[in-house]
Every structure is written in C-alpha cells, then in structure tokens.
Amino acid sequence: MTCTRCPSTIQKDRKTKTNAIKTSKYNPFTFLPLNLFEQFQRIANAYFLFLLVLQVIPQISSLSWFTTVVPLVLVLTVTAAKDATDDIVSKRVFFLCGALRGEKWMNVQVGDIIKLENNQFVTADLMLLSSSEPLNLVYIETAELDGETNLKVRQALTVTGDLGEDVEKLADFNGEVRCEPPNNRLDRFMGTLTYAGQKYPLDNEKVLLRGCTLRNTQWCFGLVLFGGPETKLMQNCGKTTFKRTSIDRLMNVLVLCIFGFLAFMCTVLAIGNCFWELNEGSNFTAFLPRQDGNEATFSAFLAFWSYVIILNTVVPISLYVSVEIIRLGNSFYIDWDGKMYHAANDTPAEARTTTLNEELGQIQYVFSDKTGTLTQNIMTFNKCSVNGKSYGEVTDSCEYKAELHTDKVDFSFNSLADPRFVFHDHSLVEAVKLENPEVHAFFRLLALCHTVMAEEKREGELFYLAQSPDEGALVTAARNFGFVFRSRTPDSVSIVEMGRQRSYELLAILDFNNVRKRMSVIVRSPEGKLSLYCKGADTIIYERLHRSCSKLMDVTTEHLNEFAGEGLRTLALAYKDLDEEYFNGWKRRHHEVSTSLDGREGKLDELYEEIEKDLLLLGATAVEDKLQDGVPQTIELLSKAHIKIWVLTGDKQETAENIGYSCNLLREEMNEVFVVSGNSPEDVRQELRSEVKSTLGNGGVKAMADEAVNGEYGLVINGHSLAYALERGSELAFLRLACLCKAVICCRVTPLQKAQVVELVKKHKQAVTLAIGDGANDVSMIKAAHIGVGISGQEGMQAVLSSDYSFAQFRFLQRLLLVHGRWSYLRMCKFLRYFFYKNFTFTFVHFWYAFFCGFSAQTVYDEWFITLYNLVYTALPVLGMSLFDQDVNDAWSFQHPQLYVPGQLNLYFSKKAFFKCALHSCYSSLVLFFIPYAAVHDTVRDDGKDVADYQSFALLTIAHNCFVISLSPRLQLGFEMSYWTAVNTFFVLGSLAMYFAVTFTMYSDGMFLTLPSAFPFIGTGRNSLNQPNIWLTILLTSILCVLPVVTYRFLFIQLCPTINDKVQVRQAKATPPPPPRRTRIRRTSSRRSGYAFSHAQGYGDLVTSGRFLRRPALPRSSGFSHAGRTTTSFSPMGRSAGYSPTGRPQNAKVSDVEVTSLQMYKTIRDPAL
C-alpha cells in the first residue's frame, strides 16, 4: 500500500489520532507496575507480602524471613514472565510500507491521501476520491464487517474522480469535509464535501471503511477521514479486558474464607496463650524471665501474630506456582495436538493464553459467526431438475443411490469450461451433447438471466464478477455445460452456445427485490424471437405458471423437496415467448410509468406482474453453500453435551436460516421456529411475550434459571428487532425466550450487537460463554466472551489476534472442549482438592500441638521440613496427576459427551467440595498428631532410653506427615488417578525416596559440624527410624487416614455412581466402538430457501446503466462480430436505468447543513477556501 500526505495547510478542529492500533495491555514502561498491580489483586499474594513484613519483627517471628520471600519472588517472577509472553503474542500487528512515500500504516493521519491496489486491505476509514474503473466505481468485499462475501459497489464523486491518479493534483486538492463524529454505525455515514464554493453530499456509498478489501479494481485513491481507534470497525471492537476463570474467582472467595478461619484459629490460640500465661506462666519465670512490662495480654497479642506466620501454610503461595505450571502444560497439549492440525493450510491449533484452560471444560453457551466459521464461503452447483428429470444423483445399475467416488464429468469438449467446476452425473452432459431442447433452454436461461459481469484478460480466461455467490455458481454451471456467458453491454448479452457465439439484445431487466423474490430479463434472440426468462423462489414462480404445467410442477416439487431436505438452496426457472405487438405496448406503458412522479414503485410492480404470467416451467436448480467439514457432527455432539449454540451473523435472514437447517442447528422436527421481526419496541416486546407464552403458558418474565420446555423450539431474530429486544424493558423477555429455544440465530447484527448479546447472557445467566469467529466483525464478541476462539480463515487475522485460542476449522471446537477442556478442568479440580487437603492437614497439626507447648508459637516441625514440604516432598506427585491424568480417553469422551456436564454444574470443585476437603483434613490431622503422641508417650527404646524428647517427637510427626501426606494421598491418588504413566510412578516413589535422602543428609553429623545453628537435629533420624514401634505407628496412622476415603469411594460407586464411574467401567472392559458411519438419509422438505440470498436490490440498474463496464474485451480470434439488433426506441428506465449508488444525481448540490444535537460534524478546513 502507498500513501502521499496532503499539504500541511490542512487544519483540523481537534487533535486527531494516528492510525496505530493497540492490542496489548503493556508497554516496556508500564509492564512492571501494571503487572505487579494485577498480581497483588490476588489476595494470597498481598497476604504473603504482609507476612514478609511481620517476619522482620523479631518479637513475632519464629521463622526465618527467607521462608516467605523466596517463594513470593518465585511466584511473582514466573507469573510476570508468563504474562509478558502472552502479551507479546497478542501484540503482533502487520504494517505495509508504501512506494509513493514510504510510510507505515500506523503513522497515517487524518487528511492523508492513500493509494490502494487490487486485493489490498483498507486499514482506515476513507472517502473515495478516484479509481481506475469507469465512472470511478470500486468493488469491495465487506466480509470483515458484515460477514457477506458478495461484492459491493462504491462510487466517487465526479468532481474528485476527475483527479484520476495524478499525484500532484491529488496533493493540491483543497476542500473541506464536514462529517459525523466517530461512531459504530456501519450502515450509515453523513457528511458533506465543500469544494470551489459548492457542497456535495457524502454517504455510505462514498466511503471505504476499515476492514474492507478492494476487489477487481486496479487502484483507487482515498482521503483518510478516521484512523486507528476512531474507525467504525474499531469502534465496534470493544475493550480488551483481563479474563479470569471461574475457578480463579472462586479461589478468591475461598481465600477470604481461609483468612477468616486463620484469624479464628490465631484468636483461639492467642486467648489460650493469655490464659496459660496467667495460670502457668509464673511457674517458668525462674528460667524464662519476662521482660519489663510484658503482661499476659501483650504476650497474647504477640502470639496472635506469631501464629499468623506459623499457620500461613493454610494459604500456600506455592499453590499459584503449581497452577501456572499446570495451565502451561495443558496449553502445550493443545499446541501439540496433531488431531487439531489442518494440513490444507498448514495451521496448527494454538493456545494464545495459558490462563483459561480449565474454563474450556465449563462452557454452556457458544456464540458462533456463520460466514467463514460454519461455512467455507464456497457455492457449488450440485443438482438440478430439468423437464421432470433429476440430475446430480449418482445411481448404480439397480437404481439405488450410490455412495461411491464416481468419475468426474469430462468437460474437455468445452475449451471455455472452468477447470475448478466438478460434477459427477454424466447423464446431464450427455443430454447437452444430444441437444435436448429443454436442457438447452435450461442452461440458456442461466447464461442470460443474471447480473454477473465478465472479465477476460486473456483469450479464453474468463473471470466472473458476481454480486451474489449464488449467481456466480449458476452462471459457472451453465458455462461448463456449454452455454458460456462471455460479455455484455448495456443493451446486449453475448454468450457461446455449444461453440457458437451469439448475441442477445437485452431489452429489460425486471430486477430482484425482497418482495418479488425473483428476477426476469427480456431478450431478443439473433433470429428476432422475443423471450422472457425468469428465475426465483419456487412458491413465487409456481403462482405465475401456465395451467398446462401442472403435471411437470408436481414432479419438480418432489425434486425440490428432496433438494431442500439435503439443505440445498433451491431456485425455480421458467420462461415465456412474447408477442412483438404486446411487448411494444407494454414497453410504452413501462416508459410512462417510469417517468411518472406519483406511485412509481407500485405501478412498476403491477407492470411486472402483468408480463410475468403464464410462464412455462423449465426446472429447478440446487446450489450448496458448502459447510466446513464436520460442522453438523460437531453441533450435534456439542448439543448432546448440553452446550447451547447461538449463531450471530451479519448475513441475511434467509441465508442464516438455510445454514441453520444445513448444519442441523434448526430441524423440521422442531415444534416451531419463532421469527421475531418487529419494527418498533412495542411490536418486538409483544412478539417476545406471545412466543414465551406459547412455549410455557402464562407466567411472568424474570431472570433466569433454566426452565423445562415440552418440545423443541428455535428462534430467528433480525438486527433491527434485536436492537429493540436488547433495550432495558425487553432484554429479559428476549433472553428468556432464547434460553427456552434449542437454537438461536441472530441475523443482520452489527459487531457491537454481537458483544451485547454475549454480555446479556453473561450477566443474567451467570454462564460460561465462548465466542468463535474468523473476521474483524467478530472481535467484539470474542473479547466479550469468557473464551474467545479465532478461526484462521479467509477473512484475515484480526479475530485470531484478539482470541484466546485459534485453529483452522470449526470442527476442532469439539476436541478443544470435550477433550482438552474437560481434562484441564478435571485435572485442576483434583489438584486443588488434594492441595488444600495436604496443606490443611499440615497446618492443623500445628494447631493441635499448640495445646501441648503452652501456646508459645513453637513449631512442631523443623524449619527445613517446613521449607521443603511443598517444594520437594509433596509437589511432584500432584503435578504428575494434574498434567497426565485422564479419567477416560479421547475416544470415549466423544462417545459419551454427557461427561462434559459435571463441569458445567461445578461438581468437581466448589465451596461444598472445599468444605468437605477441610473436614477430611481435620480428621487426618487429629490422627497424625494424637496417634504418634500416644505411641511415644512414656515409651522407651529397645535399649531403655527415652524416645519422647522434642526432636524425636518432631521427627516422628514429620515422618507420619510425609508418609500420610505423601503416601496416604498417593493411595487416594490411586483411586482418583485413572491414567498411570511412568512419569507419575516416578514422581510418587521418587518424592518418598527424596524424603529419606534429605532427612538423613540434614540430620547427619557432617551437616551439624558445618552449620550447627541451621542443622540442630543431629542423629535424630537414625536414632528414631530404627525402632519397630515407630514403623508400626506409621502403618497404623496411614491405614486410619486412608480407610474413610476407601469406604466412601466404594459405597459411592456402588450406590450412586456418576457418569464418569460408569464410563470408566466400560472403558476398562472394552475398547470404544468406532464412530458411527454417517449414511446420508434421503429426506424431503417442504421448506424452501429464498432466492439469491446475498443479492441486493438495484443491481440490474447498474447492469443496464453501462456504469459497470470494465475495460473492453479482447478481440476474439473467431472474428465474431455483434449480431444483435441495436435499439434506440426503448431505453430501460425506472428500476432499469439511471443508476446512481447514492440514489441521487451525481454532483447534486445540497443545502447548508445545520449543526444540531443530532448532527455533530467534524471539520477538516483549508485556509485557502
């Protein structure tokens, strides 16, 4: 892309922004303070910072400061490194430099003039100045904005179009643009251009918005009106928010509960210290003298803070490090998954964030774009019915439908055939070669009745510019079967019929609109025969057929039902021959109506109705809007997992409905599909209430528990009705109706409305949401949802850059959720339960010991065990489980999608599960403390020496802790862990071996001689662990700790097994059955798709006006000359003449625009004016 800057004399009313777009949260200067601010929003991090302050006070702390500062710094560093990596990934933006003046897009400013070339991306909001095409037309694709892949036309003002590509004239152009302020309305633009004392209107047809792509246009120039965040696309994108999982939010609540419980324990122990000092403390003053002024209350105050430090392990900071490691590992699994790799475009799946993996296992609502996400943006001509015979079905010799890979039809007889066109039914091409008159008439109609434009840069290389992809598919089919549309002028259409070039005089185009649902052309053949060719929705065409077609209509209807049953877009074709005298009279009346001022539209409709009668049916076509591979199966599987799928698309209602049926989102078996299309708030509110009443009967509209419904329903709502439905008085009624429906389709929605729908569900349903899309118009909902997924598709990379996860095909979503998401959630929940259990048990032993040490804040363990407990002794086994465990493998996960439901209901980890874990820890700590205490009380060694000294008891308690916390939970892990690997086994046995190795090393003579103050437990290990009664105590303690768990698990599985338990039993007994082979069932349907769904009214005017014309076609080697008649007596008028994209004459002057509260204009002034 290239740009040249306008003269510096241009003035702006206000400081305008550059075109730079920021998608990252940090920069080098703000990273450290912002990241630390975010991290200390975690209550646990702030808590440990507070502990660090307490530990530097010698009167309080009984532990060294490094026991807190080392893990705190480690946690902050690891998390900061991860956040920086994630932010760098999301910050990748691509800029293109120019040739006229080397400039990055980020430096483009308002007032600059930009040159765009074919297939380039528009990255600022521009006013079109000039183009390479006749009459300054440009063709753009707006898929990034509204999801539509059909081309749209924009046209520059003549006064600026005369500047052409003269850079000097463009740079010297002096004018003033007054336009609306930045807003998010994609369908409207208001402004004026003042030049040479005259004002010219500016509307949406004169503007190229950021996100468009230039097509079929060599070059164009545009003036930058808005840049960067002020562009309409970015105004719709929403803000980048910090996403956190529901488990993170639950953890903050639980940490607050833990703080309250910690304060309660410390208060109890402080009160105990006060009573002990008053009653027993005076007996020890002889060898523990009190400092002056230290009363019992002050001692209790110090004891309170000392126990805050000692019992801090109830909120383990190492938890957060372990959580980040688990999330990172599960993210790598997604990146490495070969089954989510798309070989066609070499695109692997990518986890662009590492903080949301477990949230993937709790999704309840999926919001999906349509174009490029569910579909491939490809239309194919699949089947047709001609004169009562169906073509396209491949049958074997016994007349059964063949599910075989048959040979493709050979179109080598046609040198102008499109090599990409594929068809398998050889009987149709044979009928063409045998010159079947009905088949020839069928394809002649397809070659003549359309608004497609042809471009032929080299002899025989045709390129079709279709305003609707449906039309492109039909004209391409006619081309391959020997009826090649080659070129057109405003009054003729040239085609090649079976090798013969013929030119038909184009007398009129009766254009399409949403009411007519059909289009017709009136042509005169080279032989002088007048004919009307019509195509449209079958219900519309059938009403206008001659009664002699009744039998053919019945047969064709059967074929149409079969086509519609397969989700194909159907279209009926008909024709009639016209009498010359009648047509001349009709033409005269058409001219009179076209020039009338009153009721022109209605009168034209009457004329069209008059001539489009007594048609003769030719047949029907069936075009497939190709879905991506596996879309119906994915939607079906996600529905079985109780995941609701809503489609939010900018496409037309008919298109969206058709795709809904094609991908099994909507089904004809549904009780009813509601269509909300009110044009006022009252109408929409009434429709919503009546439809809720029809599903549930009478009842109020309030939020928002799931309700049971008898039957299945669907909902379709268009964009203008959705705007009213999202208003405060109607939003709950809309949400309630939508939640009662099995499927919801919102069509013609803006990017901002997509985000509003997501926010509505998040707010009132308290459900975990996922948004998936592939274009810039999907960025807002991707940012708004809990999880954003980007499809690496045909609409650029903006959705991917804003997403949390990305892959190439919609079908990979089932593996992301049902396999990776469910495993991640299950692993995280098991990890949290086990982690809280072991740390609560560890901490509660301190609590019980306080009652036997005079509440003096003495630790029951030595400092090295406290330091290494979470880091070395107990970390690896639970990490092994959290990284490698699978309750069932991926095949069984797909076979039983109901396994996903517990995650949606938070059954694996919740407040209830947490308190169960705390009670279990309390029981285990009682066993761990009092069994060893009773075992060593008044006990002597084999040699008669006393065992019950402090260091020996501390070691015994440590050993019990390590065995019960390290071994007993390993037995519990044996019940929890379903997938044992060599790594898991090594972690379990290795951590136990590490305990003995470290213990005998630290309690050795050598370590004591090296640092006596740091290693005071000299010889304690070998003196205590060589006694048989110690090992019997360890065995008894372990059995008593594990026994309740074993009993509970046994009874639970036998009496009320979960879906996981049942599937695990099945998995242990058998291999999963192969996925069922999806045989295509021959269905019929009376539902029809509408006519040319992406087609827009008024395109026939463009064809007949001559303003579409491209460069002259190359001279044909055959020497073919125009053979059609020319006409001066009839000029298409009304809807077929005088095309102007703005609907007004070019260069029309407009009155001064008064600035009001509704019209605020941004001004770019030039002092020269």
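All residue numbers here begin at 1 and follow the chain in the order shown.
Backbone N, Cα and C define each Cβ position, glycine as well.
Using a 10 Å Cβ-Cβ cutoff, D369 (active site, 4-aspartylphosphate intermediate) registers 29 neighbours. Look at TrEMBL and you will find D369 tagged as active site, 4-aspartylphosphate intermediate.
Of all the Cβ atoms in the protein chains shown, 36 others lie within 10 Å of the Cβ of D778 (Mg(2+) binding site). As annotated by TrEMBL, ATP binding site applies to D369, K370, T371, E471, F512, K535, R569, T649, G650, D651, R748, K754, N777, D778.
Summarising the annotation, TrEMBL assigns Mg(2+) binding site to D369, T371, D774, D778.
Annotation comment: TrEMBL describes 1077-1086 as compositional bias 'Basic residues'.
Positions annotated as compositional bias 'Polar residues' by TrEMBL: 1118-1131.
The feature domain 'P-type ATPase N-terminal' is assigned by TrEMBL to 14-69. Model confidence over the domain 'P-type ATPase N-terminal' (14-69) is summarised by a mean pLDDT of 66.
Annotation source TrEMBL lists domain 'P-type ATPase C-terminal' at 800-1057.
Look at TrEMBL and you will find 1066-1089 (among others) tagged as region 'Disordered'.
Per TrEMBL, region 'Disordered' is recorded for 1114-1151 (among others).
Annotation comment: TrEMBL describes 253-278 (among others) as transmembrane segment.
As annotated by TrEMBL, transmembrane segment applies to 298-321 (among others).
Under the heading transmembrane segment, TrEMBL lists 831-852 (among others).
What TrEMBL lists as transmembrane segment is 864-884 (among others).
What TrEMBL lists as transmembrane segment is 913-935 (among others).
Annotation source TrEMBL lists transmembrane segment at 947-967 (among others).
Here TrEMBL flags 979-1003 (among others) as transmembrane segment.
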(request) Would you mind checking how many other C-beta atoms are within 10 angstroms of the C-beta on R569 (ATP binding site)? (result) 26
(request) Consider the recorded positions D369, T371, R569, G650, R748 and say which one has the Cα lying nearest the Cα of D778 (Mg(2+) binding site). (result) D369
(message) If I take the alpha carbons of D774 (Mg(2+) binding site) and D369 (active site, 4-aspartylphosphate intermediate), what is the distance between them in whole Å?
(response) 8
(request) List which of the binding-site residues F512, R569, G650, R748, N777 have their Cα within 10 Å of the Cα of D369 (active site, 4-aspartylphosphate intermediate), in sequence order. (result) G650, N777
(message) I want to check the contact list for R748 (ATP binding site): same chain, sequence separation of six or more, C-beta distance under 8 angstroms. What comes out?
(response) T649, G650, D651, K652, Q653, N718, G719, H720
(request) Go through T371, N777, the listed binding-site residues, and name the one with the sparsest Cβ surroundings, counting other Cβ atoms within 10 Å. (result) T371
